[in-house]
């Protein structure tokens, strides 16, 4: 039985279509090179294929999270060596944001390890958002479940994007997370949309899900109304001490397939090649860009896990003739050969 998600309205988005799990699964079954080719054509119809949006992600409150997400080293339930830290001071965050901008990042993402902010936290968070926004950067926050009115506070402070991943398919979700439900995720996404914020929503591949469950994950994202402006696709980073430390290895072609299917089903969304790049070969990353990925996290750390080194990223982008996205090169008409 398929789960139908109708998140924001009772009428289909005029520029979207309903994607059944079966239909998405059929895309996954497409011969690999044909699937990548189809995704590349879709990508070129909506984006400049040479431009890659660079984001930097910083943990502004680390560790001690009460949730039991099976992939997360910041959970207080697991012994992973992550030390709990309080919410950082505004000045420290601004300094990191300045460095990120100087290195080419156009978006600065901030994450806090907790179930969700308390009303007493919102004042400081909005102060942080305003300070980063004043640097001329796009701002993105991943602060967990939001109470009523909080999304409006963040919007007023200048937050551009709110990240809140669904993580995996509705069917696989309970195998990964038990302390909050899939519907809790959707509730916060609804509050974010209602406040007028852009949505960044994706998940993690390689958490022992099967292909049908991966198809259910992509279908759930593609059927959000409207579709997320940004879709981060993470490859599981296995961390000792977490329940998923011994998850089965995912074949690299399956990850590339997921990128391609995300691009085809969400043609106007940024598809971000997110966590896990540190362990990816240059060839695998190149295939992901060919399949429609057009955003990466740039910097040596993602919250508390490692990321590809900046020098390595610069070298790879030069090899592939890619360039950081700017307002000028964001949309260039490239007619695909047919």
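Just so you know, the numbers here start at 1 and follow the chain as drawn.
Note: Cβ is positioned from N, Cα and C throughout, glycine not excepted.
Quantities reported herein were computed from a predicted structural model and do not represent experimental measurements.
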Among 22, 200, 201, which residue does Swiss-Prot annotate as binding [2Fe-2S] cluster at the site that also has 109, 140, 272?
200
What is the separation, in Å, between the Cα atoms of residue 65 ([4Fe-4S] cluster binding site) and residue 109 ([2Fe-2S] cluster binding site)?
19
In whole Å, how far does the CA atom of residue 69 ([4Fe-4S] cluster binding site) lie from that of residue 140 ([2Fe-2S] cluster binding site)?
22
I need the least crowded one of these binding-site residues (140, 200), counting other C-beta atoms within 10 angstroms of each C-beta.
140
Spatial neighbours, same chain, of residue 72 ([4Fe-4S] cluster binding site) - Cβ under 8 Å, 6+ residues apart:
65, 78, 242
